Structures are given as structure tokens and as C-alpha cells.
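Written out below as C-alpha cells is the structure these notes cover.
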Amino acid sequence: MNVAADDKPLAHKRVPVSKPPFELSDLKKAIPPHCWERSLVRSFAAVFRDFIIIGALYYLADTFIPMLPKPLAYVAWPVYWFFQGAYLMGLWVIGHECGHHGFSDYPWLNDTIGFIVHSLILTPYFGFKYSHRTHHANTNSIEYDEVWIPKRKSDKLYSEILNNPTGAFLVFVFKIVLGFPLYFVFNLYGRKYEKGITSHFYPYSPIFNDSERFQIFLTDLGVFATCYAVYRAAVIMGTQWVINIYGMPILFMSGFFILLTYLHHTHPAIPHYDSTEWDWLRGALATVDRNFGFLNHAFHDVTRTHTVHHLFPTIPHYNTFEAREAVKPILGEYYKYDDTPILEAVWRETKDCIFIEPDVVDGEKKGIYWFHK
């Protein structure tokens, strides 16, 4: 096993927390100019790719799996759910890119495409767009970040009751199965607001400002329309058909969503900051690029380019890999890449990243926090 100079595994070696010797402008200059260009052809090609693969998987499943003997069908359905969920997650990535205006040069087109594709997969497009904006503006601030807020040692449920292998396993299963709907409906794993109902579906949630509330209402209509279409399909085709064809793939997609977002922002080697230490650049750098193997293709390879996405979120996904390679020499140790196999990584992070505690220097607590167990 490769180890760092301080005898810690390289995957666990902490990133620097001092002020970087470079500015955001230095990174921007290093990126080739064409990486900033949005191509309607390439963007729509990504959408069509996803719909073609999703349609082909649906056709194969609906046509051939019912013909199989039951023992084989019991195997074939989960295979379909897994791959269909993965490419639905790819479609989700396109909607996410629309929210960053990385799909095209036209805001109305970005919002139209994003609203359609996210509504089809039960994601509140405008609600997520606006909360995600806050996440990018406050990444790894323990007071103001919008999602994956670390627990503190004072939270006894996590630091004592669940701080064991059995507890870690239960937390893992809960996140994968219910994390997606509970985040959007009840803001689980999100920032705690003192007043109001915090939900991505509630127009008067404190997540949003007054100018955004009508768009949240539109988001609700989009998701409701999809739910109604699913209900009508269940009436016509049967509940079991809908569960197999749509319901279970959505469940797998939601699991992939949790895996991506959790692993990009949870790692023993990345810090969190309070207001005495936080600044935007160090917060954006405290993210992790991961390798999801063959699933990188399904996810449009955003898995390996999350750090550069936080630095420059308007770069379209098909240019982020080149942009990442351009800035890596400048980032040096401030760039974190971990290619630990995903199941191993999510188990390690689930059991090792239980709560955060501040650095203590000369008996004084600092505003830089690390995960502990």
C-alpha cells in the first residue's frame, strides 16, 4: 500500500489548510479558452445519448424480461434497475448543468431543459438550482453551506449511539434508500434554518427569496405532473409494471445521487471551516474527485472533475476533464483525488467520518474542523 511521508495512507493525507499560493485568476488563466465554450450540439448530444440509452434499456426490459423463466427474471430485473438508474442519474447531471447555465448560452433554454429532465425524474429543478447556488457560494462552511453539514460531537445519536459498525451500516442503508426524497422534501442533511418550513417544494421556505417563490410553485407542478403520469400508467399497465419499469430505477438513481454528493464532500482528508477561518477558495478546494469505474460513462464523467466544477461551475461537463488537467499542476497538494473502490470508500467514510472536531493548537481551538469517529 502506498503511504505518504507522514506514514498515513495517501488517501487519508490531509489537504493543506493554509492560504493557497495561487489565486482563482491564476487557475482561470491556465484553462484553455475553448473549455469555456458551450456547444448546443454537444450539450444536446449528451441529452439524446441519455434518452436513447434509457429508451433502449426500457425496450429490452419490457420486451424480453417477461419472457424469461422466473429465476432468470429475478436476476434480470435488478440488472435493469441498476443500469437504468445509472443513466437516469446521467440525465440528472444534465439538469444540474442546466442549473449552472453550463448547458447553453441561453438562460431560458437552460431552465427549460433542466425543468423538463429534472421533473421527469422527480427532482425539483428550481428548488435545487437555488439551494445548490448557496452550496457553491458557501462550500464547507459549517454555518452556511447548504448540504452535507457535518455532525458535531455533541450530537449523541451519531457520536455515541451510531458510532460503531452496526450503526454505520444502518446509516449507510438509510442514506442510500431514503436520503434523496428526505433531502428534497425535509432538507435532511441540509442547513438548519431557524424559522419556517425548510423544503425544496415549499415556495415560502427560507431557502428561497421572494423573487424565486413562483418558480418553486412551477417546480411543484412539474413533479406533480410526472407523479400523475406515473399514476395513470399504474392504472393502465398495473402497479407492478410501474414499479419494475420506473419506480425501482428511480430508487437506484436516488441512491447514486447520494453516493456522488456524499463522496464528493465527505472524506477524512478534507477540512470544514467556521466563519473565523472560511474563505471561498479554500472551501471550494476542500472537495474530492472520485473514480466510479465504468459508471463514469453513465454519469458524464462528472465524478472525476468535481473540484474544477466547484471552482468554475459554468464550464460544460464535456470540457471539465481538460480543465482539470490544466489546473492540476497549479493546485498541487490542494487537489484531492481518491480512486479507492467506491463501495470500500463509502463504507470507510460512513464509519470514519462520524462527526467533526476543531483543530487544537497550543490548547486553543481553531476554526478548522476535521472528521473523527
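Here the Cβ of each residue, glycine as well, is placed from N, Cα and C on the backbone.
Same-chain residues lying 6 or more positions outside the domain 'Fatty acid desaturase N-terminal' (16-57) and placing a CB less than 8 Å from one of its CB atoms are 80, 83-84, 87-88, 90-91, 94, 97, 102-105, 113, 117, 271, 277, 279, 281-282, 285, 300, 311-312, 314-320, 322-323, 326-327, 329-331, 333-334, 368. Annotation source TrEMBL lists domain 'Fatty acid desaturase N-terminal' at 16-57.
What TrEMBL records for 76-337 is domain 'Fatty acid desaturase'.
Taken from TrEMBL, the feature transmembrane segment applies to 40-60 (among others).
Feature annotation from TrEMBL assigns transmembrane segment to 72-94 (among others).
Taken from TrEMBL, the feature transmembrane segment applies to 106-128 (among others). Same-chain neighbours of the transmembrane segment (106-128): 47, 88, 91-92, 94-99, 184, 199-201, 205, 207-208, 212, 215-216, 218-220, 222-223, 225-227, 250, 253, counting only residues six or more beyond its ends whose CB sits under 8 Å from a CB of the stretch.
Marked as transmembrane segment by TrEMBL: 161-186 (among others).
The transmembrane segment feature in TrEMBL is assigned to 214-231 (among others).
Panel annotation: around the transmembrane segment (243-263), residues 58, 61-62, 65, 77, 80-82, 84-86, 88-89, 92, 121-122, 147-148, 175-177, 179-181, 230, 233, 288, 290, 292, 295, 299, 302-303, 342, 345-346, 349 of the same chain, lying at least six beyond its termini, place a Cβ under 8 Å from a Cβ of the stretch. Per TrEMBL, transmembrane segment is recorded for 243-263 (among others).
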Using DSSP three-state counts, the residues of the domain 'Fatty acid desaturase N-terminal' (16-57) come to 29 helix, 0 strand, 13 coil
